[in-house]
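In what follows, a structure is listed as structure tokens, so that the remarks can point back to it.
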């Protein structure tokens, strides 16, 4: 016997007791369960209650409503907005959080940590007051570290962080197990010095500009061309000096040294000028401080090569290469056994192997959380070769645009790069190959040492 205010109790479902009206089909269940039945969601939605219970009271209706709502998952609450940090206090790049006491980007955080943990001692080649921002931060390590201290980064935080990590059990193999051997470390240091002493960084230069044809493109601005060709000649001499300082380079035959220099000279020229790119002004700066915008670079002689070079410069920016990486990549471009007409390609390959290993280890130690950075940087050699091939063609077309003769060093070093024979008329009207007028020993009065520099 039931009353009008009583509902039919049901067994627990998934561990919960609840109340529902009687099932619409009570005769389908054995009488031994006392008229109780499991609720049918389908029945609840499409049939009114029938025999077994009277109309439920308002209190039981409230209970039913609550129980039904429990079976329907509530929509997820919206995620809180991502936390926005102030820009990096050191370089003004996008911050990834508070590191060692200040808001900092991943690059400056890692730089400060490595500098403190390894007790690095840096030197500034200017007045110890270099501008540090996200473009120039890799150009002077001394001033970057000083700025880290100035904005409040704490040495003690680095030491505490290191001790904490030592106590934590390692869940996976560390990515910082790459260690330089003494030989590779010495090789890396020699190449870094060779690069820095033959190519001053942007922060060491006193920039100056010119208004010559700055607003519109012309076929060739002869004033800019004269200045550019003068600077290009000096740059080539510096590249030869850089090559002579590479361990093992002067142990190669003179013919192979000349072959490698001619094949890679334009690669290194482009790589070097692109590291002096300033994206905010879209300009490039030469070694005497002359700063040209994109239009002026076109008019100075780059012509159709201009946009390719500026695109490559933009692609280098996210790699954040420092002087050591640029020097090693330049050395790998130069000492390459797949160049045409080498007398001893196997010996050249053997010299390149430690350069590749040094670059790989240096990149992995500098960027332990970016294991794919080494192949990314190495693949830039392919881009450089593609631009250089077009650059060699541009040198040939320039000969028809300039009123005088091509500066001999530019013609000898660039026009005779791989796949492009120099065009010098002979007495019978045919073209003949230049005899090499430039060699590593003829750039200055010193002779080429034939003793290997590697141990």
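The backbone N, Cα and C atoms fix where each Cβ goes, and this holds for glycine too.
The DNA-binding region feature in Swiss-Prot is assigned to 88-153.
Positions annotated as compositional bias 'Polar residues' by Swiss-Prot: 47-66 (among others).
Here Swiss-Prot flags 424-434 (among others) as compositional bias 'Polar residues'.
The compositional bias 'Low complexity' annotation in Swiss-Prot covers 435-455.
Swiss-Prot lists 183-417 with the feature domain 'NR LBD', giving sequence analysis as the kind of evidence.
For the region 'Modulating' (1-87), the model's average pLDDT works out to 49. As annotated by Swiss-Prot, region 'Modulating' applies to 1-87, with the evidence given as similarity to another entry.
For 45-78 (among others), the entry in Swiss-Prot reads region 'Disordered'.
Feature annotation from Swiss-Prot assigns region 'Hinge' to 154-182.
The feature region 'Disordered' is assigned by Swiss-Prot to 416-455 (among others).
Within the chain carrying the zinc finger (88-108), a Cβ under 8 angstroms from the stretch's Cβ atoms is held by residues 132-134, 137, 144, 147-148, 151-154, 157-158, 161, 320, all 6 or more beyond its ends. Residues annotated as zinc finger in Swiss-Prot: 88-108 (among others).
Positions annotated as zinc finger by Swiss-Prot, on the basis of sequence analysis: 124-148 (among others). Counting only same-chain residues 6+ beyond the ends of the zinc finger (124-148), those with a CB under 8 A from a CB of the stretch are 88, 90-93, 105, 107-108, 111-112, 115, 196, 200-204, 278-280, 317, 320-323.
Across the range of the DNA-binding region (88-153), the DSSP-based residue counts are 22 helix, 6 strand, 38 coil.
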